[in-house]
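Engineer: OK, TrEMBL features for this one:
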COMPBIAS  663-681  compositional bias 'Basic and acidic residues'
DOMAIN    227-309  domain 'Ig-like'
DOMAIN    315-396  domain 'Ig-like'
DOMAIN    404-488  domain 'Ig-like'
DOMAIN    494-584  domain 'Ig-like'
REGION    637-681  region 'Disordered'
TRANSMEM  596-618  transmembrane segment
């Protein structure tokens, strides 16, 4: 029974599970009446889920609506549709909307929908004051109460018959902004308004503007009237007259009022907390021009201009000189005059950096000049306290030039071929500026204007160039040109191709002499020759300076220690060392030394041969003596043995044996004698 109930339960569970199957087909989002809504109109954002079910069962949906990624609406319902109502759409409602539906562990989102609320609310403008003084500021506040930052605010100031002035302010975090406008001179009735602007995303961040705000009227009062600038003296002003200025105004309050009188941006006089300014001076021609009276209080400022013309009492004096350039010890006459005017007090002065030096209170001056009188001179004329000064006149007094001296900058009158030659022309005396002229032969090479010296660089030096150099000098003195002595230059030819040889060359007998020859192919005399032997620190063997292109050095006796490598080093005044190719000397034995050695060797060989022969003969002789002694000993032994044997064997026949024995003995003695002669021999 229990088993049957379990089977029934499992079947029912399977049926229930099959009935709860569902899937999201699609989730859609839309805006009503459309995705483009006018500012202030109602708007609805609708999210709809299209779901397929295996059976008709209740399914709870969690529906959320997002704007620009932020949650704006959420509902849990068994319905598949949700509505987010916006009764009054504002520009802040513009954005990208998206909805998400969750049910029983499954989630589905819609595509993004961009909604654009067109237009902006009307901004509200308020002014801190409706009545201000010139120089003060008007503080404004513009607000867009139903808009969301970031926003831009445009403030405008408008006055009658003028172009509006604008100020643009960006607000990243506020829906309002403030601005200030200065009240300037001439402002009387001012109007202010403002606009709001915002960025529209779907139009590539273009700006959308609101309608103008309310128009605010601000009236302006003058803190003081425009100043009055007058001259109390006569209208026709001449140099020497006293000129008096008066500048005045009317103010509402005296505090912080300031009056300034100026000419060409130079302040002549000023007063504070007063209504009147006075200024007077003796008129000069330089006082002609435009004068300006300015009244300031706080930020307020008003000005009045007055043009003044001062008539000339007398023209500037003219200083004339008998000569502007003259020799020393000559007379110079200076004269001061005024065109068409003779009654004046004249004085003649010399310019000086520490102050002009008075020479004479007169219209004329005659002096005998020297070089120190060179300088600028002026004259002054005074009439009715007015002093005028002439233009300066330059006077130059010249001392004659001395005879110039021409020399080589490096010192000696010589130059290395291929190197430039620098000459200097000097003067001991002469008033500058001085004109120097350099000549090579009779050809002008360079002209220089300087004070006391000049230089010339000749880069075209030739070996056989025989032309001399000279220079002349002149200034504005009447004595004319002075010329130096002719300077002849020695051209030094550098050493070229040094070589070293020897006699004999290569092998040299010990004890004999050797001649070393060091020579050059080209080079100016005198030439310094050096002969070296190569060692760890090359050894100088010989050196000599000669006015020739070669030297010979005789080394009287050569030894085995003189074997080695030799070279020569050559130089002249060009100061360039030229090294020859090395040569090798090999010191060998002399002929007589070779003969002595050969004789000695021959004697040794003969002695050795003689000793060898003697030794061989001695050895042979000893061998023969030893052999003969051994032979004699053997023969004697054999003879005795034979005799004994015969005696023993023939004892029974004694009678017949005597003759035979004697015969044998005779033969034996004969043989022995022969052997002795042979040994003796």
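Each residue, glycine too, has its Cβ placed from N, Cα and C.
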Engineer: Quick check on the domain 'Ig-like' (315-396): DSSP residue counts for helix, strand, coil, in that order please.
Structural biologist: 3 helix, 48 strand, 31 coil
Engineer: Over the domain 'Ig-like' (227-309), what is the model's mean pLDDT?
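Structural biologist: Mean pLDDT for the domain 'Ig-like' (227-309): 87.
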Engineer: Where else in the chain does the transmembrane segment (596-618) make close Cβ contacts, counting only residues six or more beyond its ends and a cut-off under 8 Å?
Structural biologist: 589
Engineer: Counting by DSSP secondary structure, give me helix, strand and coil numbers for the domain 'Ig-like' (227-309).
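Structural biologist: The breakdown for the domain 'Ig-like' (227-309) reads 3 helix, 53 strand, 27 coil.
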Engineer: DSSP-wise, what's the residue breakdown of the domain 'Ig-like' (494-584) into helix, strand and coil?
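Structural biologist: The breakdown for the domain 'Ig-like' (494-584) reads 3 helix, 53 strand, 35 coil.
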